[in-house]
Amino acid sequence: MTKILTTDQIRTLDAYTIQHEPVASIDLMERACRAFVEWFIKRADTSRRIGIVCGTGNNGGDGLGIARMLLARHYTVTVWVVEGGKPTADFEANRTRLLGNVILQMIADTPPSTIFDTCDIVIDALFGSGLSRPLEGIYAAVIERINAAAAWRVAVDVPSGLRADAPSQGAIVQAQDTVSFQVPKLAFFFASNAPYVGTWHIVDIGLHKGLLQDTETDHYYVSNDDVHRRWKPRARFSHKGTYGHALLVAGSYGKTGAAILAARALLRAGVGLLTIHTPVRGYAILQQAVPEAMVSIDPFEEYASTLPSSDGYSVIGVGPGLGQADATVKMMRKILETYRKPMVIDADALNILAAHRELLLRVPAGSILTPHPKEFERLAGKTANEFERLEKQKELARQLKSVVVVKGAYTSITSPGGVVYFNTTGNPGMATGGTGDVLTGILTGLLAQSYTSLDAAILGVYLHGLAGDLATHDLGEDSLVASDLVTYLPAAFLKVSGGKS
Ligand SMILES: NC(=O)C1=CN([C@@H]2O[C@H](COP(=O)(O)OP(=O)(O)OC[C@H]3O[C@@H](n4cnc5c(N)ncnc54)[C@H](OP(=O)(O)O)[C@@H]3O)[C@@H](O)[C@H]2O)[C@H](O)CC1
Ligand SMILES: [K+]
């Protein structure tokens, strides 16, 4: 797992590195500038006219150092400094080092709208992790000009105006790319900040490895290696019983497709045996569409009302296309009163829990809940921003002793212990009906194979998004449909298992 640290933790790491490497602060800044420039010159040649907008803190100091290095590589660079804050020592040191290479353009008042017209690229080095309040006045005016420029906007460390660890207000640079030092910031993982952060990139600036390792955090993001470590190869002498028998309670009249998608994904996730419980109207369709599954037929025609005994199943996945009929609510109540093993609860099953809160506390420990933001709001209440929502998500996971997965651009997975894992696969092509049903199937299939609920969630969410990425590679984003995720799931497993699955 790769850590996401707070700005206070990064500051502590800075100070510790300076003291124990040891390295002078200005030389650590030099390392940051060099790391940024190494990244930058791979993406822009010297024909591109560059503007660098600096504050007077260390983010601005980075900007001056970057200017000096790009000038030395024969780039055309214009440097603006927005006057206002007390210059830091490292800013001054880099201002001195830049003397003679370029005339600094000082900005004291609102600049003309044409100020950045001659720039192909604007590098934002106004503010970084030191931002402590909304930007106003001259800073807001300059940011307005930066955002209006037709240039490619690249932010140094953090887009100016964005708080790294808290909700942001006021003027914020809308960067297409953010090049951040050593670790990403929590704000990068919230959909509402995507217009400011753009695509984020991490460059290593050699902060003290030992302390980095020992620094505790509750926030991680998931990489392929992490997921590979969680995937379990199959033993040679195993049989279908080894891989569990899942019960999928899904489908209602007009929404049998959700049950088909979830069932197919469940099977592709490797479950040993699958039984689908569905109303009469779904029986023939499911037997035809998913021949590998057995079907348990509900006495009701159009929606599920009565579960067969839930014994003998390793896991129950409930929700896709279920509907919220009274008889279905009664069935949910019965399941939650009698079944005590982990469940995967999604879609209408979540909405039933939200509408009948006494049922929420009956969720068996070790379950996985998979709400999208709207379903989460119904479960946990409205929140002002994604930071607040994340705290509620941790609280719900703790309360239910279960894993809560909130689906989104960076799906977040919260453990009962309050640790959060941000997924890093997936793409906008997956914003299409049925992808949630596929995820429910994958998670149920993994849980049936005795993955812990946290491993099943981290592995399953990653595989789901990876299948989407592999599908998009061949099909594009516009035409992606939920069934493609099932089709590409085997390829995702092969990638995660290093070809051994
Ligand atoms: N390990 C690393 O990541 C390294 C990062 N580096 C760079 O350093 C910056 C952080 O630099 P810092 O000087 O701490 O802060 P900023 O440059 O972001 O901001 C400068 C000061 O501005 C003041 N401030 C805060 N909010 C506002 C505001 N809304 N309006 C006006 N001024 C504001 C604040 O001072 P106050 O005393 O006023 O609070 C800031 O100190 C990091 O982002 C990297 O770019 C190093 O180069 C190397 C290591
Ligand atoms: K910045």
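The backbone N, Cα and C atoms fix where each Cβ goes, and this holds for glycine too.
Please treat TrEMBL annotations as automatic predictions, because they have not gone through curation.
On a predicted model such as this, the values are computed, not experimentally measured, just so you know.
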Pick from G381, G434, G436, G441: which one does TrEMBL list with K407, G408, A409, Y410, T411 for the same AMP site?
-> G436
Per TrEMBL, N59, D124 bind K(+); matching candidate in S160, S168, S180, S192 | S160
Is S129 ((6S)-NADPHX binding site) helix, strand or coil when read with DSSP?
-> coil
Tell me, which binding-site residues from N58, S129, Y139 are within 10 Å of S160 (K(+) binding site) if we use the C-alpha atoms?
-> S129, Y139
Counting only residues outside N59, D124, S160 in the same chain, those with C-beta within 8 angstroms of the K(+) site's C-beta centroid are V53, G55, G60, G63, A125, L126, F127, G128, A155, V156, D157, V158, P159, G161, V173
Taking residues K407, G408, A409, Y410, T411, G436, which bind AMP in the record, the widest Cα spacing (Å, whole number) | 14
Proximal residue to G408 (AMP binding site) among binding-site residues N59, D124, Y139, G321 (C-alpha distance) | G321
